[in-house]
Amino acid sequence: KNISDFSLNITDCTQVIVPEEVFFTVAAAGILENLLILIAVVRNKNLHLPMYFFICSLAISDMLGSLYKTLENIFIILCKMGYLTRHGDFEKKLDDAMDSMFILSLLGSIFSLLAIAADRYITIFYALRYHNIMTLRRALVILAIIWTFCAGSSIAIALFSYEAATVIPFTILFPLMMFFILCLYVHMFLLARSHAKKIASLPTSTVHHRTNMKGAITLTIFLGVFLCCWAPFVLHILLARFCPHNPYCACYMSIFHVNGTLIMCNAIINPMIFAFRSPELRSTFKKMICCSR
């Protein structure tokens with residue numbers, strides 16, 4: 001808030017305000033859609049596979065992001081109504097908890113995408129050994145490690161968010177992990193293209209290869225959507241920490257509400273990609289709708 005007030009004095013850019021009704025509508029849609037993904041995977045035993053468990057991990061991260069923005073808006077409304085103050089001890093602890101939830105959502109999304117990318121890589125290039133390499137138990141262990149690390153990191157970053165030594169590693173982690181995932185995908189597609197020429201004469205192998213490549217393309221779409229939705233907010237954090245008094249930085253920070261809306265849009269878009277690209281999930285959704293009717 002202090003940065004926003006100060007930015008009005010050093011820039012002519014008008015602060016863009018997104019109506020609270022839009023926040024609540026988008027957040028609620030994101031929570032419901034991702035909850036539907038979780039229910040579909042739980043109910044359909046054919047979806048009890050490592051890949052879908054990693055997708056569920058991504059869905060939980062998206063739900064946390066939407067829940068964070070929903071609770072944040074509720075607390076802002078309570079502050080405007082006078083039920084909460086902006087500088088009390090309880091509000092400070094509440095703010096730290098909210099920041100921790102936001103960071104947990106971001107880290108959970110990054111590492112879930114990394115796990116999905118690694119799973120696709122093994123599926124394509126170690127297809128015959130996949131079930132030995134990526135067992136269900138091993139996938140659950142990986143998810144337990146990911147969420148334990150993310151939970152610990154989110155608490156530490158939220159508590160020491162005013163220290164540059166904390167902000168810098170957090171902001172560096174985002175582009176570093178994205179670059180690593182991107183390199184993994186580039187390597188995946190280059191090798192897949194080479195393998196496709198070798199197995200073109202084998203019909204069954206070709207079908208299996210096309211199926212795996214379809215999964216890789218789907219995850220590439222996930223990565224692109226994730227970057228478009230989260231990168232503007234991460235950039236906002238960097239600018240707010242290192243150049244809050246610069247007019248150009250302040251002008252960019254005037255669209256803070258738009259960047260927050262993009263985060264919640266990511267939670268809506270991902271389930272749509274799941275439903276559109278996965279025949280098994282589409283079939284499960286149809287059965288769920290028919291049973292409910």
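Quick reminder: no glycine exception, Cβ is built from N, Cα and C everywhere.
Database features (TrEMBL):
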type	residues	note
DOMAIN	33-274	domain 'G-protein coupled receptors family 1 profile'
TRANSMEM	22-42	transmembrane segment
TRANSMEM	49-68	transmembrane segment
TRANSMEM	102-128	transmembrane segment
TRANSMEM	140-162	transmembrane segment
TRANSMEM	168-192	transmembrane segment
TRANSMEM	213-235	transmembrane segment
TRANSMEM	255-276	transmembrane segment
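Between the transmembrane segment (22-42) and the transmembrane segment (102-128) there are fewer than 3 Cβ pairs closer than 8 Å, counting only residues 6 or more apart in sequence, so the two stretches are not in contact.
Within its own chain, the transmembrane segment (49-68) has Cβ neighbours under 8 Å at 26-28, 30-31, 34-35, 37-38, 41, 98, 101-102, 104-106, 108-109, 112-113, 115-116, 119-120, 123, 134-136, 138-140, 143, 146-147, 215, 222, 263-264, 266-267, 270-271, 274, counting only residues six or more beyond its boundaries.
Taken together, the residues of the domain 'G-protein coupled receptors family 1 profile' (33-274) have an average pLDDT of 78.
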